[in-house]
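Annotation comment: TrEMBL describes 351-355, Arg460, 516-520, 545-550 as ATP binding site. According to TrEMBL, the compositional bias 'Basic and acidic residues' annotation covers 175-190, 667-681. Summarising the annotation, TrEMBL assigns compositional bias 'Low complexity' to 643-653. Annotation source TrEMBL lists domain 'Phosphagen kinase N-terminal' at 234-318. The annotation domain 'Phosphagen kinase C-terminal' is assigned in TrEMBL to 348-592. Per TrEMBL, region 'Disordered' is recorded for 137-157, 175-206, 593-681.
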Amino acid sequence: MDSPKSKPGRLTPIKKKGATSRAAVQSFFEEHKVKEILQDLTSDLAINQPADPKKYLYHKLANFFGFEPNNQDDEDLRSERTCYLRMHVECVGRSQTGRVHFIRRATMKDADNILFSAWEKEATALLHDVVAKATGDANGANDERSPTTENQTQEEILLEKIKILERENAELKKSLENQEKVKPSNEKETSSPSSNKTQDSKDGFKLPEIDPAFDRWLAEQLAASPPDVKDTEDFKYITFTELPPFTEKHQSLMRKHMSSELFERLKGVRTAKGYSLSNGMQAGVLRPHLGVGFTCGDQECFETFKEIIYPIVKGWHGFDPEAQEHRSDLDASKLVFTEEQEGKFRQYVKSTRVRAARNISGYSLPAGSSKEDRLAVEEVLKEAFGALPEPLQGTYYPLGSLSSEQEQDLQAGGFLFQKPGPMQLLGAAGAGRDWPEGRGIFHNEAKTVLCWCNEEDQCRIIAMEDGGDVKGVFSRFCQLSEAIKTAAEGKGKALMYDERLGFLGTCPSNLGTGLRASVMIVLPELNKDPKRLEEICRKYDLQPRGSSGEHSAAVGAKWDISNKQRIGYSEVELVQKMIDGVTQLISIEEELAAGGGGGGAPERGSGEDLAGTGGSGEGQAGESSSQEGFLSKPSVVTWMPVQQGSTSGAQEQAGGGGEKAAGEVMEGDKEASGKDGFKLP
Ligand code: ADP
Ligand code: MG
């Protein structure tokens, strides 16, 4: 869709009081073709069914209008676009939950918003309609707010909002109390006051809308599927009786490599823990945009279903498990990080993070876990956390024990994951069942050592800190990895590890090292030309992400630059590649800042196949060319462009008010075409 403005990002601010009138809103809507945009977004939402429409739309709109919200910038705060986005966030928040959560977070929190209440209310009616249609959410239809009368004072509006907040809070409390009373002992622990605990379960399990014929087939398959003991109210495992009649939209490597013959041969097979071929395929069938399309429910899957997993691994990583072996090397002392590099990193890098997945043999992986296994994993991990050596010591917080505020704080800092939505990879694969039971976060006081429990993997280990001391962070990561291994072994358990595939995990895109070493780095010059940044990254096997995780925008020219590969290289090699690549980025940035052309860019061809055996999908030997016209190459570029000329500053995330939702879009989503970003249809 063409931009309604020739120059996005240059809309006229409304400053005058009278400008918040219905007429002003209408003319703004007309001038900027807001209705048309909303219509397009409606179909976009219906097609893509993002797990978090609020965030999805917010990014789309911000991208579309070339708008970078900024709480600190007064002028910006008063612009129509800000109002529009804020109001939009609020509106979607309400229609999603029928509750006050997002209003409090996105709007009431910020006193300045009150200035725009009138404007918001006007536009809310329209947007609300769109979102209600798009999400089919009945709550939206009961929005209590009435259109603003032009004579209403700001105080009246505020009072009215407060009343609504109070009433809704009271209702929420009451309903929670009731739930507590009727809840049978161990069951249905799916609701609690926190945002992370209340989503969807009451809605039951919903199938997506992909294509009418395919949807009918899917509904029939669901209806005919025998119940699975691990089914929950909000999730059903579907048993496919035949090879799914995939649509054009299905882009995954699973789809590509799953033949009728293979399907027929494996469809009746289950692992000892009961995970079937259908279970592994379910996310890829329900979520056509996924690039991998297969999840593992336990360790045995890697043998039982290797005929589908190996081609996927080969396609995604350019690594052939039949012919190659993976090596692990967690000796941080081998890293070469010169004084000069250290100096440059100190100057440019804001923070450093290294993470990987660790799973324990004998227990199912989250997509296939039973309650017993999930809780047993939590117990083993809790004991392991308790046994960590002194420098790594911290506290484990079960998700259910955190207050909403604590949870939000952790998410705002990029420390915590969110509940996977039903239409995200993890939700569609069954890894969100029984939320939040068995999930939690361990961290030390300084939050430089963290472990996530029972999210995409049984355990994600993370070392992070401010600044650019990559060697220090990697050393701590290695210590943590070793300590978790030792602690698990001390309990008679072993980590899931395979000679060919390295560390094993839920998603075949995260095998081998499963390691992502990233720096948050501010690159104002390169930020002016993200395509160039992307190209340079590709040459050095790096992956650029935005400043708040995968698929986010690089706000304030801040980029998350990490190694792209996961398997075929050791941990030391991957971190070294990151250090060396980022060193090059910095030197190009400096050349550009000095007025040069940044010609120091490497000479390796941008389309060149990755050297060696690694590579996470782009420019792969073998697979990539054959994927042309069939599926977009697996996502490498997982940033969302921000229009030039936008101001830097506070990150206003989907939730508004500067919240940052860690893991909202997980790498696990692994979109096949993330590179295209948030294109409007
Ligand atoms: P991963 O898949 O490795 O967990 P995501 O892209 O999902 O990474 O990001 C998870 C969270 O970690 C996000 O909030 C992101 O901003 C944060 N993050 C990633 N790298 C860094 C870093 N180097 N410093 C600080 N925060 C980071
Ligand atoms: Mg992630």
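The count begins at 1 with the first shown residue.
Backbone N, Cα and C atoms are what each Cβ position is placed from, and that goes for glycine too.
Caution: TrEMBL annotation is automatic and unverified by curators.
The Cβ of Ser351 (ATP binding site) has 18 other Cβ atoms within 10 Å, all protein chains considered.
Note on the domain 'Phosphagen kinase C-terminal' (348-592): its mean pLDDT in the predicted model is 93. Listed in sequence order, Phe345, Val349, Lys350, Ser351, Thr352, Arg353, Gly468, Val470, Asp560, Ile561, Ser562, Met578, Val582 are the same-chain residues six or more apart from Val519 (ATP binding site) with CB atoms under 8 A from its CB.
Under DSSP, Val354 (ATP binding site) is assigned to a strand (E or B) in the three-state scheme. For the domain 'Phosphagen kinase N-terminal' (234-318), residue counts in helix, strand and coil come to 38 helix, 4 strand, 43 coil, using DSSP. When secondary structure is read from DSSP and collapsed to three states, Gly546 (ATP binding site) falls in the strand class.
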